[in-house]
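Participant: Residues or ranges marked as transmembrane segment in Swiss-Prot: 12-32, 43-63, 73-93, 112-131, 133-155, 166-186, 211-231, 241-261, 268-288, 290-310, 331-351, 368-388.
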Amino acid sequence: MGSKYPRSLRCCLPLWALELQTAFSLLFCFFIPHDTAQVDHRFMASYQVLRNLTLMAALGFGFLSSSFRRHSWSSVAFNLFMLALGVQGTILLDHFLGQVLQWNKINNLSSIQIATMSTLPVLISAGAVLGKVNLVQLTVMVLMEAMAFGAIRFADEKVFKMTEHIIMMHGHVFGAYFGLTVAWWLSRSLPRRVGENAQTEKVQMATSSSLFAMLGTLFLWIFWPAINSALLEGTKKRNAVFNTYYALAVSAVTATSMSALSHPQGKINMVHIHNAVLAGGVAVGAPGCLISSPWISMVLGLIAGLISIWGAKCPRACLNHMLQNSSGIHYTFGLPGLLGALTYYCLQIVTEPKSSDLWIITQTVTHIGALSFAVAMGMVTGLLTGCLLSVRVWRAPHAAKYFDDQTFWEFPHLAVGF
């Protein structure tokens, strides 16, 4: 008997997605004007930054999630769908918040750039649930997470007085814990043995898919300095670019060597390479602009690589079922992001020449408060989103259909009745 799930998706997805896109188009028509500023060298520089960010988001994160043997098509295509939807929603959210809160923000190429960076937490968190939800559920998740991260950006800017650069770096941590919380809640509704048996065979890696995932890793590795320096200028931008490359280089070497060391026969695990080589770039994202000597960023890359390998290898058996961390976002983005945020705080305290006790206390409260707020928002809104996605109206796939492209895609060479 054929599966009834594709029929429910046929009824639900076009109606929901097209209505949402029509609403977005009408809102853009009446409220979002084109930028009329003259095109100059600054426009082209902004476009180059936007191009690099889009390559990272579309190709890097898309292929990074394609390592599952029977879920590679969905990982790449759903990632692009979420990126396109998230950028539109974030631009509208920023515009209306600017109108209500009287922010002096112009809708130009920089707006698309910031919207793209604000959508990266969505792509990070999606790594924890891809293969377990359908496209309608992902649409709801994009909207919920975009609004939650918009609230974080507002609170960090107005309450904690954080710069836009640091706010975006907190997005790595927010996205990681948001996705982990959503995945944890969705897993609660499944019988333990049923969920494990359904996922064991499909989570296994295949050589071809691993190569595509490695391609995504390479895109992210090459272009990661773009995200760490996109919102900076002058000396800070230069420092961020240099230090990101140093940290990425060290984390790549650390990931390869430690992966071999952790195997009884000295063999390298491709999963470790997919994730751990990026940990240095995540860790140096916040403090990179303050680091004036390369050895500090290299040490950060080393520590981040060690943390990532440790997270992938040592506690995996006891934590994986609890955190639902099959994609590794916890030890690729979550833990290195926390390391980077704490390092930024320490460097700011050390590099300030005339720091008083009151200033140190103020900085401690604001930085720890902003970071804690991002983590708490990720968990709370992730829990709410998980509750919402578990409602039966979304026609979620059965556990037997997890990590299976045949649930969503047409395969002409297969039997028609699937």
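The backbone N, Cα and C atoms fix where each Cβ goes, and this holds for glycine too.
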Participant: For the transmembrane segment (368-388), find every same-chain residue at least 6 residues outside the stretch whose CB is under 8 Å from a CB in it, and list them.
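Facilitator: Residues packing against the transmembrane segment (368-388) from afar: 125, 140-141, 144-145, 148, 151-152, 155-156, 160, 162, 166, 170-171, 173-186, 338, 341-342, 345.
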Participant: Can you see whether the transmembrane segment (268-288) and the transmembrane segment (166-186) are touching - at least 3 CB pairs under 8 angstroms, only pairs 6 or more apart in sequence?
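Facilitator: Counting Cβ pairs under 8 Å (6 or more apart in sequence), the transmembrane segment (268-288) reaches the transmembrane segment (166-186), since there are 3 or more.
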Participant: Six or more residues out from either end of the transmembrane segment (73-93), which same-chain residues have a Cβ under 8 Å from its Cβ atoms?
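Facilitator: Counting only partners 6 or more residues beyond its ends, the transmembrane segment (73-93) has Cβ contacts under 8 Å with 20, 24, 27-28, 31-32, 57-58, 61-63, 65-66, 107, 111-112, 114-116, 118-119, 122-123, 126, 130-131, 135, 138-139, 142-143, 145-147, 150, 212, 405, 408-409.
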Participant: Restricting to the same chain and to residues at least six past its boundaries, which positions have a Cβ under 8 Å from a Cβ of the transmembrane segment (331-351)?
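Facilitator: For the transmembrane segment (331-351), the sequence-distant neighbours (Cβ-Cβ under 8 Å, at least 6 residues beyond its ends) are 124, 166, 169-170, 172-173, 175-177, 180, 275-276, 278-280, 282-287, 290-291, 296, 300, 303-304, 307-308, 310-312, 325, 360, 363-364, 367-368, 371, 375.
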Participant: Relative to the transmembrane segment (43-63), which of 112-131, 166-186, 211-231, 241-261 accounts for the most Cβ pairs at distances under 8 Å?
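Facilitator: Stretch with maximum Cβ contacts: 211-231.
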